Amino acid sequence: MLDLRPIQVPGSFCLFLVICISIFKNVSGGIVINDEADKYSEYFKYQAQADISEDDPNYWQRVGLNELKYKLNKPLIKGEAKNVILFMGDGMSLTTITSSRIYKGQSKDRLKTEARGEQAHLAFENFPFTGLAKTYCVDQQTADSACSATAYLTGVKTNLGTIGVSSKITRKNCEGMKNPEYFTTSILKWAQDFGKLTGIITTTRVTHASPAGTYAHTTERDWECDADIKKDPHRLGQGCKDIATQLVKDEPGRRIRVIFGGGRNKFLPESSKDDEGYPGQRTDGVDLIKEWLLDKTNKTRKAKYIHTRGQLMDLDPNNTDYVLGLFSSDNFNYNLEKPDTHPPLAEMTRAAINILSQEKKGYFLFIEGGLIDIAHHNNTAAFALDETVEMSKAVEVAVNMTREKDTLIVVTADHAHTMSMSGYSRRNHNILGNSDQKDQNGQSYPTLSYANGPGARAPVINESTGQCQLTNPTTEEEFGNATYHYPALVPLVDETHGGDDVMVFARGPWSHLFTGSYEQNFIPIAMGFASRVGPNSKAATESSGWSMHQQSVPVITLTVMISVMYNSWLN
């Protein structure tokens, strides 16, 4: 007969179970990864305190507590990064990030649910792990986009102006760049060698220094096409391949599945005109766009060349193996003055991920917000801030289209700029306007300014004080024009880069590796480790295996102990 008497479980056994479960939770993390955790946490962090005023000390205590809860409940993800997306804001210094955050919070397009002004946040500022990267070159204190690209893409620091080669050869050394012994290989090639798909996106020319770092080997960043080599007064590049040719004909460029950006003129002969009526620059008569298409169709691949935003929107990811999208003859126009034919960075990001996601092994995607740098060089801070917000939108697209548990997203910059944010302006004051503070002559000055550049103005001596004073103080009307050159101290045709460290933001598998302060060349090494590609793929496998074993120990131990105790109780 079935015994229906209540089961009598000793209290000591119940206590034992509680202790074991508690230990298991603490050792293993005890947290299930939730892809919605970031979104909920950020909403909670900025909205939960809306019922009390900032003047109440409890407001700030709650803000801090919510941040603490978020960090305490954030798990470390140690699985393989199937996909890796690297966002690079060219020239996106820490000051650029801060002022762009405020700019976004003051925008008329800001959603009512988004924080205002200083409390706004860019998409990547929500990432759980941050660090600082040191950007200097082997031979220069302040980096350019070439040596820095070599560092954050190949894991090797090199000389100013050189891409994908070691510092053993000097700039413009053509013979040296013909020797593969001096080549450095990028994480893009590591991914290809593992069977992953790859893509590059930029708002500059696709042959510009930053994107070229994924595929090119050159001792001169300016040798983008054969005409550029011939312009060299010393003819030092004769006989060497230009960057555009390397992209189309050499490895790993010819295996890149998605190429979006500008720079059609570097691919077309000077005797022809592009889709917008602009002439090409090549003097060798080669049409590299046709060469690219021919190379892919010979392999029976579904390849497409596109040049308008409409064509990008019509792309069928299921019917596209390769796509070359050159949407501008040169660099893109700024977002604030962009023609309809130039797609925003966010739209290019969405299209690329849709195509690359077809591969089961995953992908590596490089995305550059390249116009931040160009705007800073012109001291046009409004453009720089707006382009940073545009890149933030692209990051948001990538976050929403991927899963945190299998996609590592890293956001960083190649170098800084000389823009500073100063004065004692009140909260929510126009970041693009004059500071509330006056100078010693009672004149207003902008919150944003540069150490050098075309915005410098000739000084005027105040006869009564014998001191310098501002000339032509900026008016609010001038700030309304995005082309306004913000003030600079030292007059230069182009503003220079800054030597500051740059921020690194990361989410996804092994994103906790990107905390702390480190050399810029650590970035691809950590990304390769996380995705098990490149020189460190074996080390990553061993570490992940150890991690899985370590996580399984408490599970096995708990199971055995419960089994023994339960059997003892039954007997």
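Cβ from N, Cα, C; glycine included.
Taken from TrEMBL, the feature active site, phosphoserine intermediate applies to S145. Taken from TrEMBL, the feature Mg(2+) binding site applies to D90, H208, S210, E368. Marked as Zn(2+) binding site by TrEMBL: D90, D373, H377, D414, H415, H497. According to TrEMBL, the feature compositional bias 'Polar residues' maps to 425-450. The annotation region 'Disordered' is assigned in TrEMBL to 425-453. TrEMBL lists 1-29 with the feature signal peptide.
The number of other Cβ atoms within 10 Å of the Cβ belonging to S145 (active site, phosphoserine intermediate), over all protein chains shown, comes to 26. Annotation note: S210 (Mg(2+) binding site) sits in a helical segment as assigned by DSSP.
Listed in sequence order, the recorded positions near D414 (Zn(2+) binding site) (C-alpha within 10 Å of its C-alpha) are D90, S145, S210, out of D90, S145, H208, S210. In sequence order, H208 are the binding-site residues from H208, E368, H377 with a C-alpha within 10 Å of the C-alpha of S145 (active site, phosphoserine intermediate). According to DSSP, S145 (active site, phosphoserine intermediate) sits within a helical segment. Excluding D90, D373, H377, D414, H415, H497 themselves, the residues of that chain whose CB lies within 8 A of the CB mean position for the Zn(2+) site are, in sequence, G91, D144, S145, I372, H376, A413, A416, H417. The most densely surrounded of the binding-site residues E368, D373 is E368 (count of other Cβ atoms within 10 A of its Cβ). For the pair D90 (Mg(2+) binding site) and D373 (Zn(2+) binding site), the C-alpha distance works out to 5 angstrom. Sequence-distant neighbours of H208 (Mg(2+) binding site) (same chain, six or more apart, CB under 8 Å from its CB) are S145, T202, E224, G263, N331, G370, listed in sequence order.
If you take the Cα of H377 (Zn(2+) binding site) and the Cα of S210 (Mg(2+) binding site), they are about 16 angstrom apart, rounded to a whole number.
Taking the Cα atom of each, H415 (Zn(2+) binding site) and S210 (Mg(2+) binding site) are about 11 angstrom apart.
Residue pair E368 (Mg(2+) binding site) / H497 (Zn(2+) binding site) shows a Cα separation of 17 Å. Across the structure, D373 (Zn(2+) binding site) and S210 (Mg(2+) binding site) place their CA atoms 11 angstrom apart. Look at the region 'Disordered' (425-453): DSSP puts its residues at 0 helix, 14 strand, 15 coil. Reduced to three states, the DSSP call for E368 (Mg(2+) binding site) is strand. Cβ neighbour count for H377 (Zn(2+) binding site): 20 (other Cβ atoms within 10 Å of its Cβ, all protein chains included).
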